[in-house]
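Enquirer: Structure below; questions to follow.
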Amino acid sequence: MTGRGGGRVLRAYSLLVIAWLTLPVLVMVLFSVNDTRGRYNQSWNGFTLAWYGRIFERDELTRALVTSLLIALATMLVAGALGTGIGYALGRYRFRGSGVLDLVMFAAVACPDLVMGASLLTLFVSLGAGLGAVTIACAHVMFAISFVAVVVRARVLTLDRSLEEAAADLGAGRWTTFRRITLPLLAPAVSSGMLLAFALSLDDFVVAGFTAGTTTTFPLWIWGATRAGLPPQVNVMGTLLYLTGVLLAVSTAIRARPRRR
């Protein structure tokens, strides 16, 4: 199918995909302003912003959210640093074991969360490590490194080496060239990889379920509260987290756009 008919089909298909992806988010936003009555927030009772003023009313939910945010922040920083180094090395150099390391990175991305969580639980128990926030963070770093490395490696492979060569010809040392030329070119990929690591950690349920012990993260708390009925604060927190993620993604995309001279 070509021409105008094909364009209409593609446009309709794109709109359906967008609607399918955004519908759950729209429902979450809608019920964050629902005048909930009773234990279950599943039917529309009227508009209210009262829950935004009472967002931290549930102490156990607030603690779970803070725990998840701290773990996600630690994961983002550690996985960002290690993943950037690995991705740069894999994209720029060929060394003994680079093929195996490359395979391990992609295997970690493709590994099911269930397998990852069970294997990490076995590892931590065999090491005698007490399960808690630290083991969750370590587990998240272990799988988030691969995502950061894959993103950075893809960017390194597309870098224009002539810019670095020109800097070297003008007398810049290797460190100066990396700091003034290479790193700014890699910055969008590094930022994207770190944001991805943060989102994956904050959203994780399966791996955290294996490695949390008595620690409760935001997804684990939501899962445990589903039987008793989710409070409206969950939708409020989810809405604010979603909007924050959208703003960060948009700002990263804007910074990544080439500047006009």
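Each Cβ is built from the backbone N, Cα and C atoms, and glycine gets one as well.
What TrEMBL records for 12-33, 69-91, 103-125, 131-152, 183-202, 236-254 is transmembrane segment. Residues annotated as domain 'ABC transmembrane type-1' in TrEMBL: 65-252.
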Enquirer: Can the transmembrane segment (131-152) be said to touch the transmembrane segment (69-91) if we require at least 3 CB pairs below 8 Å and skip pairs under 6 apart in sequence?
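Expert: Touching, yes - the transmembrane segment (131-152) and the transmembrane segment (69-91) meet the threshold of 3 or more Cβ pairs under 8 Å.
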Enquirer: Given the cut-off of 8 Å on Cβ pairs that are 6 or more apart in sequence, determine whether the transmembrane segment (69-91) and the transmembrane segment (183-202) share at least 3 such pairs.
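Expert: These two segments touch.
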Enquirer: Could you tell me what the rest of the chain brings near the transmembrane segment (183-202), counting residues at least six beyond its ends with Cβ under 8 Å?
Expert: 68-69, 71-73, 75-77, 79-80, 83-84, 87-88, 137, 140, 143-145, 147-149, 151-152, 154-156, 159-160, 163, 218, 241, 245, 248-249, 252, 255-256
